[in-house]
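Worksheet: the structure to be examined is printed underneath.
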Amino acid sequence: MQIIEISPFQAFRRSVTTVMQVVPKELRYVAILTLLGGAGPAIAIWLNKIIIDEITRLLSTGTTQNAIALILSQPVLLSSIAGSLLVNLVSDAIANINSFVYTSLRDRITGFIQGQVIEKVATFEDIALFETPDLLNLLQLTEKGMQRLPELCIRLVTMLEGIFIFIPAILLSVSLAWWIPLILFSCVTPAMYVERKYRKQVWRVEKTQASLLREMNLYKTVLTGETYAKEIRLFSLQPLLLERWYGLYRTIFRAMEQIRRRGTTAVISWSLLSGLGFALPYLYVVQGVLDRTHTLGDLALYTGVILEVRRSLDNLMSGGSELYDIALATTPIFQLLELEPQLSSSQSKSWGKIRESAANNQNFQRNGNRESLSGEALQTGIDIKNLSFTYPNSERPILKNINLKIHPNEMIVLVGENGAGKTTLTKLLCRLYDPSQGAIIWNGEDLRSLPLEDLRSRIDVVMQDYARFPTTVRENVAFGNLPKMQDDEAIKEAIAEAGLAKVIEKLDGGLETLLGKQLEGGIDLSGGQWQRLAIARALLRLSPAELLILDEPTANLDPKTEHEIYNILRTLAKGRIAVVVSHRLALAKLADRVVVLEHGQIIEVGTHDELIALGGQYHLMFTRQASSYN
Ligand SMILES: Nc1ncnc2c1ncn2[C@@H]1O[C@H](COP(=O)(O)OP(=O)(O)OP(=O)(O)O)[C@@H](O)[C@H]1O
């Protein structure tokens, strides 16, 4: 999978487009209010100048009137003071409204972008997304990007505000001397450049440290998650794991701290220069007042103007740097959204062709609302041809030159030592991965040429690490066949067949009982009960399935239930291909053929009796297991 390059500019453009798409109205309100608010400081400064000049004039007349009566008798002074108060009030109101609108705007952008990312990850066909370090790093960086995207609005607004304050202030400063804006501008440019450079460095460090951050988050999950809580306490692992978390934190923090320190020193040095630059125009006005070419009001006006120009330039500078920072931080979001799975269905052939041939053979059946092919429709079975496989994040081949023809209606049991590659082979049959070499031929068609979703709808599976959904009993079962969500009879039948009827009957909420201790009112099941629930899920899905895959379906079951499940398995496997992975060799006796895997290669294939007679690896495994029961 290729992560495409996106420049900060492209990321910025896409961020702005996203924000404008999600909150166009709010953004317009904020922009209009900011525009109104932007004129405020210039007006206030202007009014201030009038007030000071008026007061100076009145004082020079030697009036003895009391202050209130004096103000009330001077319409210019009075209206200027009233205007100044009004401008302050309006500015405050605008700031409050803006902060309210911004909060709602931030929530909506966060919800939108999180939804996009979750949808992308959840519907991404390629399981390698969760196993390839580069992609995991991208996911990690996306988290930060999602936090920063809503800030784009406030930064854009800050920039806008900067511009709105800047334009009137700069016009006023030109009226004082044409060179003043030039000096002010050239003073902030170096600091702006240095800040941009420093942000880029911070981003580079963040990118290279994504894997460390991911590791740190993993330790956090281990230290605070329920899955590990018992063993961590029983084995007193807290000090060791905490030390690892702190170690990673210190490494990341130190590197960031170094860059921040260097960056801040450089930015402060350049800001000092800009401070000196701002002093020049100020001294110029003071000199003008002393020379009597300017009034005291002028001094107040120009001092205010210089400060406002500086404030607006600061706004522009910090807004620009932040926008650059946000553009960098949001790059991974768009890289993730553009990511194309390698398991693409693009070259997919239509199932129509296969359906057609099956229909011609009268094997087409209807099941509930959906069309499905019966087990017999898998007429030529599954042919695994010269298959080799290496996981995307590794160099070590896990399966080597596998050749196996599975006949229609056949039940195969895969056996072999831990790590032999049994589960990996079942993952390839479900097309969670594509073979590195060779092919899996399904009914005469390469698996890669079949529509992925349709293919998966024809497969029923109980995984070794089956899911424990934190939802109701009903949903835990019906997730196997969504159209049957409200079919109580079918759900109860599947539960009964999986041997869970009594357990569920005893629950107060029955099918609606919430499973999962983390949920309010939720309860937990035992390991074996969860496994039986996963089997019930598979049972509900069974009718449309042409291929049934069971990976260690009885690992957590007691001997009595295990025996019951063996009997159910026989029924399950009928009329379809069944591939079962099991270390329980009693199960192998039920199979049409047993396939023995060792170090990723098939070393023996045959019926139980044939392999026992062969006296090879299977014979050894079987006799060892049998002797351990004697
Ligand atoms: N996602 C993965 N990425 C890289 N290597 C993997 C991945 N999953 C499994 N492996 C490796 O592939 C090898 C085969 O694993 P697999 O789970 O297929 O074995 P298995 O025969 O099912 O073992 P067990 O009986 O213990 O379940 C192991 O060495 C394992 O380390």
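The backbone N, Cα and C atoms fix where each Cβ goes, and this holds for glycine too.
Within its own chain, the transmembrane segment (29-47) has Cβ neighbours under 8 Å at 80-81, 83-84, 87-88, 90-91, 94-95, 97-98, 101-102, 105, 153, 157, 160-161, 163-165, 168-169, 172, 300-301, 304-305, 308, 311, counting only residues six or more beyond its boundaries. Annotation source TrEMBL lists transmembrane segment at 29-47 (among others).
TrEMBL lists 30-325 with the feature domain 'ABC transmembrane type-1'.
As annotated by TrEMBL, transmembrane segment applies to 67-90 (among others).
The transmembrane segment feature in TrEMBL is assigned to 152-170 (among others).
Annotation source TrEMBL lists transmembrane segment at 176-194 (among others). Residues 170, 263, 266-267, 270-271, 273-274, 276-278, 280-281, 284-285, 302, 305-306, 309-310, 313-314, 317, 320-321 of the same chain lie 6+ residues outside the transmembrane segment (176-194) yet bring a C-beta within less than 8 angstroms of a C-beta in it.
The annotation transmembrane segment is assigned in TrEMBL to 264-284 (among others).
Positions annotated as domain 'ABC transporter' by TrEMBL: 382-624.
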Checklist line | Long-range environment of the transmembrane segment (264-284) - Cβ separation under 8 angstroms, sequence gap at least 6 | finding: 173, 176-177, 180, 183-184, 186-188, 190-191, 194-195, 198, 302-303, 306, 310
